[in-house]
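Since the structure comes first, as structure tokens, the remarks are kept for the end.
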């Protein structure tokens, strides 16, 4: 049955499907691995509706008003968003650590000004905090939509006036959508995080909604055909929810499945559908915006309280999301919409501006100052440890080659971010002030010749490894080489339960990417690892450092939050868990020792007792995150490295800094 009125129950019900998909995915409900595609469905709906609104106004006698359009969008989006941000800022004063609160202020600023997608895009780096520490991460999609609202009317109005009305709009939007899709696919192949958040790479999904709206003005299916079109669309959406996974390349061509599904449902235009017009779908659809706004802070709160794995807590979180969404709809969305609608445009603009300033003003203050004095001194000291990392980390991670300490190179350190987290302990173990260490490597890049990475670091890592393989024989021959890597991570992924990590999914491969650490991959790793070790050992004394124990949680934050919540929290990794996690890598190191003469250095006697490896010592975190030693923690390893240089000093003349400088050529 076709809609006889203005209200589209099919659109409202489709919103319900989208928000349910996103919410269940973020709460970790099994069976909804592709629930994140709900955002893509929202994008199609927005593009469809905005096209209708703009074209309807252009065809009306009064014409299209940019001011009226933007104020209507602000009335729809801002009130509930501003209330959410204000509540988070108020609660954060009491419950967030200084750096967490500062980050919240920054994200409130970006969310209210609709630039959070670019903010999160820039933050999506190797050393960035986990997504579950970002209370407003979900607002990236609102920013994408608002950027669409800013630009899309300009395109339609210009095309309407210069191309003579509707005639050329359909091919124009179709070409723009294809161009955006092509850009998305190309960008996602190189920088998937950028493609995920970047408006030009997402615009095609909103434009797809516009294409469907224009297509409907030329052709609409009959009743029976509409039923089958809707069924096909719902089948595509459900298939996306069930079978698309975060491990697949996203966004990209796979996005055509949920986007196509949403487009077909809109094209069918069935206002009496069992899928979308039922009472539950209508209730959820009406409140979908507020439910979407509140669901992610509830998810983050569960993670903050370490309740994410408890079924009872998840069910309570889902119920709380519905309650908060319902309250936000009735107490914020509806009243603000009615009252604002009665005001004249200039008065509406003044109210909107005042409300925005009332929220982003405090957010800017919080962004610049963390107000750590509001917390107990013990909590402040623990939280400060997250910044107690290698002070040259960012500089040397980008350069991929750095001299630490003095100019007289007494050792070469090869490795990834774990090497950078340890390098200053090696410098501290050197016998003379003028002695130094040459570091070569970058985060996320294993020291194994022939390795490929299934990730954004592939290109830079290949350059480092190929240069090192070609020139290592001439690189300060006879100088000790110390190799430090988070080796098990590249083969077996992150720890179970570790935020934003996928256990048992290799980051490394040699012929083609693998979905699991199978026997073929492990055999290839063995061959390449031993070959790399023997090549390095042929010209240098070689030292292989056993992996650093991984905690699975960000240690300073976890300790600080436990203190704030007055909980006892003793973080550690048992020795048995460590042995199980690193058994294969340890075997490879031992094999390299047997076949290549490499020496294996074990940090466990300095970091662990007989039963466990603690994350702190004397109440002070030894890590600045979940797996990288802080500058306090790495100093515990100075005795591990001192014998290397004691042996060298005893057995050879001290080499002058001038001589070493001549030999040290950049890779």
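In case you wondered, yes, glycine gets a Cβ from its N, Cα and C as well.
On a predicted model such as this, the values are computed, not experimentally measured, just so you know.
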Among ranges 250-268, 269-287, 364-382, whichever one TrEMBL labels transmembrane segment: 250-268
Annotated stretch (transmembrane segment, per TrEMBL) among the listed ranges 77-96, 97-116: 77-96
Annotated stretch (transmembrane segment, per TrEMBL) among the listed ranges 146-163, 200-217: 146-163
Of the residue ranges 170-189, 230-249, the one that TrEMBL records as transmembrane segment: 170-189
Feature contact check the transmembrane segment (146-163) with the transmembrane segment (12-29), CB under 8 Å, 3 or more pairs: no
For the domain 'SGNH' (398-643), mean pLDDT (0 to 100): 93
